[in-house]
């Protein structure tokens with residue numbers, strides 16, 4: 001059997017064994033994809049005992065390519081929410097998440113200095129303690145750039161594997177301790193979150209307003225205060241018994257009924273100007289108007305602004321809502337269309353069909369993936385990751401590497417959405433498949449390389465001490481941030497649990513938090529808010545640690 005065939009066969013065995021281990025559950029908590037690492041350690045141990053060696057170049061390529069696939073697809077997935085999570089609504093959550101990452105770095109650096117822990121070991125323990133695999137890859141890359149011994153990869157892998165189990169358990173323990181210390185009642189916390197969420201964030205609302213203000217009589221819609229700010233869409237106008245689709249130059253009269261869509265505060269402003277709210281139905285039933293939902297799939301309209309399509313003027317159709325990645329937006333004339341946008345159209349059936357032909361609405365395209373943008377993104381990411389950044393006071397250049405470069409490029413490209421006929425939308429099923437393949441390949445190689453000396457290190461070497469270091473890196477930041485967020489951040493417990501799970505990029509912990517109150521979305525919302533920024537920080541932090549500690553700073 002050739003070296004390549006042998007390597008692929010062994011890694012397949014590792015993947016099968018590891019995924020099987022990952023499916024085991026103890027009280028609802030399991031290793032998940034992390035089981036592949038331990039499958040690799042088991043196979044690597046017996047391969048070492050049998051003096052079976054695999055081709056190093058093949059293993060290295062598979063490891064790096066798997067890491068690239070994983071971080072790129074993560075970036076594509078979280079990119080649309082990354083930049084919005086940095087705005088004011090997520091500043092507090094992201095601030096606490098960044099504090100947790102910084103505290104972990106401080107604890108790791110302190111352990112390195114106090115106990116003279118080898119740099120590869122403390123970086124591996126740091127990555128395992130926070131259950132973050134891309135962090136491990138970034139650390140291995142920067143050590144190679146700094147000229148560390150090739151054996152450091154194995155040391156990092158062993159440190160990661162030793163610290164990983166408590167990294168998963170430690171966050172669950174922290175959630176339990178915070179709940180016990182503050183005597184928290186889950187149902188009350190869920191109700192508190194729902195009340196707060198109702199005041200601070202809401203989906204789009206609708207209202208029917210009768211025009212009673214004589215000063216508005218004869219004005220065009222675009223001339224009405226508050227309607228010209230693009231915060232509210234008028235999707236229907238009823239005059240007498242006639243229901244019509246209004247245009248920006250449509251003139252209103254006293255007694256007209258307007259059906260408006262927008263956020264609650266914006267609708268209230270329009271109500272104060274126009275007249276009074278009425279309960280009369282402006283349903284399209286029994287009329288020649290229809291309401292349809294269509295999906296943007298036509299490459300020719302991607303990136304174009306709604307005003308450029310001139311849908312109102314040409315087709316007498318109103319876009320009343322726009323749903324992008326699950327978030328409802330008020331579609332303004334300045335809104336650019338992206339692949340996968342869901343549009344709410346109001347108009348006559350033939351006109352809606354004409355607009356549908358313009359925007360696409362080909363459902364099959366949502367299940368297809370353009371491969372060209374994938375490799376363009378990966379190529380650009382690798383190039384970006386190879387560019388050295390020289391910072392004052394640092395003894396070595398900082399690089400994003402194969403873990404950070406593709407991630408940053410993916411975040412940017414997914415935010416842009418499309419360039420010409422190229423779009424970076426990736427069907428969720430395809431994204432998940434590539435992401436899982438990538439992380440399985442990476443963990444399989446890391447585990448296999450670590451397996452030869454893992455058992456000896458754990459039993460006869462410094463394994464127990466490494467485990468204690470990992471416990472400190474896991475628990476200290478979690479407990480500090482958990483208490484601060486509760487006491488000073490006035491954060492609800494379920495939101496706090498999502499914050500802690502997201503800060504550790506730990507899906508099992510999120511599943512545990514969701515299980516406390518299955519009907520509340522508080523934990524999932526805070527997890528998704530901090531996840532993009534934390535993933536970026538987790539990739540950058542081991543590189544900064546490695547450079548600073550390498551120079552003895």
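Cβ coordinates are placed from backbone N, Cα and C, and glycine is handled just like the others.
Not measured: the values here are computed from a predicted model.
Annotated transmembrane segment per Swiss-Prot: 4-24 (among others), in sequence order, evidence recorded as sequence analysis. Within the chain, the transmembrane segment (4-24) has long-range Cβ neighbours (under 8 A, six or more residues past its boundaries) at 30-40, 42-44, 47, 52, 54-55, 58-59, 62, 440-441, 443-445, 447-448.
Residues or ranges marked as transmembrane segment in Swiss-Prot: 29-49 (among others).
Positions annotated as transmembrane segment by Swiss-Prot, on the basis of sequence analysis: 65-85 (among others).
Annotation source Swiss-Prot lists transmembrane segment at 95-115 (among others), citing sequence analysis. Below 8 angstroms of C-beta separation, residues 122-123, 125-126, 129-130, 465, 469, 472-473, 476-478, 480-481, 484-485, 489, 491, 499-500, 502-503, 530, 533-534, 537-538, 541, 544-545, 548-549 of the same chain, each at least six residues beyond the ends of the transmembrane segment (95-115), sit close to that stretch.
Residues or ranges marked as transmembrane segment in Swiss-Prot (evidence: sequence analysis): 158-178 (among others). Sequence-distant neighbours of the transmembrane segment (158-178) (same chain, 6+ residues past either end, Cβ-Cβ under 8 Å): 29, 31, 34, 37-38, 41, 120-131, 136, 184, 446-447, 450, 453-454, 457-458, 463, 466-467, 469-471, 473-475, 478-479, 482-483, 486, 493, 496-497, 500-501, 504, 506, 508-509, 512-513.
Per Swiss-Prot, the feature domain 'RCK C-terminal 1' maps to 191-276.
The residues of the domain 'RCK C-terminal 2' (279-361), classed with DSSP into helix (H, G, I), strand (E, B) and coil, number 23 helix, 28 strand, 32 coil. The annotation domain 'RCK C-terminal 2' is assigned in Swiss-Prot to 279-361.
Counting only same-chain residues 6+ beyond the ends of the transmembrane segment (371-391), those with a CB under 8 A from a CB of the stretch are 68-69, 72, 76, 397-410, 413, 422-424, 426. Sequence annotations record features per position, and here Swiss-Prot assigns transmembrane segment to 371-391 (among others).
Under the heading transmembrane segment, Swiss-Prot lists 403-425 (among others).
Residues or ranges marked as transmembrane segment in Swiss-Prot: 439-459 (among others). With a cut-off of 8 Å between Cβ atoms, the residues of this chain six or more beyond the transmembrane segment (439-459) that come close are 10-11, 14-15, 18-19, 33-34, 36-48, 54, 59-60, 62-63, 65-67, 69-70, 133, 136-137, 153-154, 157-158, 160-162, 466.
A Cβ distance under 8 Å defines the sequence-distant neighbours of the transmembrane segment (465-485), meaning residues of its chain 6+ beyond its ends; these are 96, 99-101, 103-104, 107-108, 111, 115, 117, 121-122, 125-126, 128-130, 158-159, 162-164, 166-167, 170-171, 173-175, 177-178, 181, 457, 491, 496, 499-500, 503-504. If you look up Swiss-Prot, you'll see 465-485 (among others) marked as transmembrane segment, on the strength of sequence analysis.
The annotation transmembrane segment is assigned in Swiss-Prot to 493-513 (among others). Same-chain neighbours of the transmembrane segment (493-513): 28-30, 32, 93, 96-97, 100-101, 130-132, 167-168, 171-172, 174-175, 178-179, 182, 184, 186, 189-190, 193, 478, 481-482, 485-486, 520, 522-531, 534-535, 538, counting only residues six or more beyond its ends whose CB sits under 8 Å from a CB of the stretch.
Taken from Swiss-Prot, the feature transmembrane segment applies to 533-553 (among others), supported by sequence analysis.
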Original post:
Which sequence positions outside the transmembrane segment (403-425), separated from its termini by at least 6 residues, show Cβ-Cβ distances below 8 Å to it?
Top reply: 67-68, 71-80, 82-83, 134-135, 137-138, 141, 299-300, 302-303, 336, 338-340, 370, 372-373, 376-378, 380-386, 532, 535-536, 539-540, 543
